[in-house]
Amino acid sequence: MRLVSNINNYVQLLEACIASKSLKQGKTIHQHLLKLSNNDFSTQSLLLDKLTRLYISCNKPQLAERVFNRIPISERRNKTILWNQTIRAYAWDGPFEKAIDLYYGMVDSGVVPTKFTYPFVLKACSALQDVENGVKIHGHLKRLDLGCDIYVCTALVDFYMKCGYLVEAMEVFDRMLERDVVAWNAMISGFSLHGFCWNATRLVSEMQQMGVNPNSSTVVAILPAIGEAGRWRDGKAIHGFCLRRGFDGEEVVGTGLLDVYGKCGWLVYARRIFGALKFKNEITWTAMIGACVTCDATGEGLDLFRKMRVEVGVSPSPVMLATVIRGCAKLNDLNIGRQIYCYTIKLGYLSDLMVSNTLLSMYAKCGSINDAMRFFEEMRVKDSVSYSAIISGSVQNGNAEDALQIFLKMQLSGVEPELATMMGFFPICSRLAALQHGICGHGYSIVRGFTGDVSICNALIDMYAKCGKIDMSRLVFDKMCERDVVSWNAMIVGYGIHGLGREAISVFHEMLNVGKKPDDITFIALLSACSHSGLVNEGKHWFLSMTQEYNIVPRMDHYFCMVDLLGRAGLLDEARHFISGMPYEPDAHIWTALLAACRIYKNIELAEEVSNRIQSLGPESTGNFVLLFNLYTTAQRWDDAAHIRIKQKDLGFKKSPGCSWLEVNGIVHAFVGGDGSHPQSAKINKKLEELLAEMKILGYKPESNFVYQDVEEEEKEKILLHHSEKLAVAFGIISLKPNKPILVTKNLRVCGDCHTALKYITIITKREITVRDTSRFHHFRNGICSCGEFW
DNA sequence: ATAGGGTTAG
């Protein structure tokens, strides 16, 4: 036969193709052979062997496998190397499932895998995060006595680490008889990947003690963890190490180092490294732009972006674009943001999920929630990041109801809420006082293992506090293994809004005792807690100590707290004096706090002065009109009251309607004053009539001063009776079991008449009622409110 | 080696 005589020629040709990796020529020969042999050269195992090798060397594992399978099984059994190399080719860039299938095929054919098989099949398992098969394969190799091989063990460590099975990885590593730098690096990059910076650095010193020198891969592996943890001292030490060992010229090392400096806020060093690098690739540029953005030099970052495009002529990658968009978000400049949006379209990156999620978050951060929402709806593919971004964006822009709806939709869509999603979800519950949803989210977070995270617990503390369950906040707080400043702050805020000033101060003391440094927010929380509990001396003391002992320069917010504190306590002159002593020009907020105090203590003269000040500061807010109007009506100065109302109307300020809501069986029911639209409206009204009659017997008199409309007395009584907080409470009474406490949330301060009426209602119904208004909780019980009339 | 979502105050 001609073919037989020519085999050697073909073998030589194929070998040449293998050596030069020329796929095209190889394929031509393959075609030729098929024709020649009438599709029956399959008996020629030598040729099939060469063809398999050719396709492997050209990274075409699928073609290789097909040819390989035509070799008779009896012969294939002896070709372990070909099995291994095909698996390796699959493990290199997929499809990874094929690598695992082929491994099982190999075992089923009775071929014994070798130490060169396992690293690749394990790599495929970690790429797929396929723990089940990985563990099974680990079992196989134990039986083959490969459990001590250094390459196999390194591969196992890498596999377990990449799949998040740190304990298993450590077990394998500990049992290794010898460890080279690659084995150590596998452990180190594993810890680094999961953010365990401390473990990673400890291993680096351990390896040095064992006489193994870290190489540049070790450095590259550990740097991201250092940067993420913000440990710039370690970063500097590694930088020094790199200089001594001459690693600093490598692009990859330099990129890692400048990234660490950027993340730690040392833009100067980042710039220096960037400038010194001889070779910069696109990743280096991206890292530098990112460093500028992180260090609040966004302008510089955008300049670099421009420079790179013009001078270097590199087209930006999606990652770079995302970095630049993050910069735009930070600039809070929608104009630049819209330009970059167009640029994204031009580059064709709009379908890149990461890029579009960044854009989405940019719209939300720039306060353009409508753009964000539209963009979100138009996204064809949405993942948990997209949902998280739109949910937290909506809450932050004051739209908790929409955020809740989107969260519910997310669940229907089958996208699972992740940690960051819950981070946005709990503030929704806080805002709406939706306890049932909050508890549900807490349960979910436990199941998903999120509750080990400090920030999640912080969000839980805040959620329970704002849903009226301060004891639950404390429980979460006490169970935390570690606490950051936010945890302490959230706890202090919680006690503060419940009027538990003493407890707030005691938590603050605990905080100092354990050596946690309070920040500016801690003091805002502490001062406002004092203010809500009338702890004037304590407040004054901490205000002084804040500057003197903790070196915190008081901001406008701190001054606001102090004015509020003095004002609520009735020390109007002192408050007035305090304002004159401020180092800043007081803003409308500060004056409003004083005006509110004037209303409580009925000081019309000061109120008028303050009101003029506010007017001279420019645009007024509706609240001020209401305060002043309220003051005049209480003093029965009807003309002045009317004058204020006319002015308010002329200037186009409308009082935003009072709205109260409560959660029943996981559904939030909202009521506006005089609202008859609720399906149960008739029952609610009937209940209110009954309550009114009983209240009157106990001595309740409707305080018609709180009705701003100019109508008959009888009509005023009716308006009062249908204030939103009363509607919500009545609905709570008829729809919740008699022993259940009622929690109502209101968008404005609770009205004075309602405050009185609710005390009577707790006597009549023997039920606890809690109202959370804009600034605090009112717990009504047996005719008494926890606020001690401090509001 | 670079990269999207996040908690506390007002």
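Our numbering is plain: 1 for the first residue shown, then up by one each step along the chain.
Positions of Cβ are set from backbone N, Cα and C atoms, glycine also.
Because TrEMBL annotations are produced automatically, they should be read as predictions rather than curated entries.
Residues or ranges marked as domain 'DYW' in TrEMBL: A:699-791. Under the heading repeat 'PPR', TrEMBL lists A:79-113, A:149-179, A:180-214, A:352-382, A:383-417, A:453-483, A:484-518.
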(Q) How about long-range neighbours of the repeat 'PPR' (A:484-518): same chain, 6 or more residues beyond its ends, C-beta under 8 Å? (A) 454-455, 457-458, 461-462, 464-466, 470, 473-474, 477, 525-526, 528-530, 532-535, 538, 542, 550, 552, 772, 775-777, 779, 786-788, 790
**Q.** Mean per-residue pLDDT computed across the repeat 'PPR' (A:453-483)
**A.** 96
Q. Counting each residue once, how many in the domain 'DYW' (A:699-791) are helix, strand and coil under DSSP?
A. 38 helix, 16 strand, 39 coil
Q.
When secondary structure is assigned with DSSP, how many helix, strand and coil residues does the repeat 'PPR' (A:149-179) contain?
A. 23 helix, 0 strand, 8 coil
Q. If you run through the repeat 'PPR' (A:180-214) with DSSP, how many residues end up as helix, strand and coil?
A. 26 helix, 0 strand, 9 coil
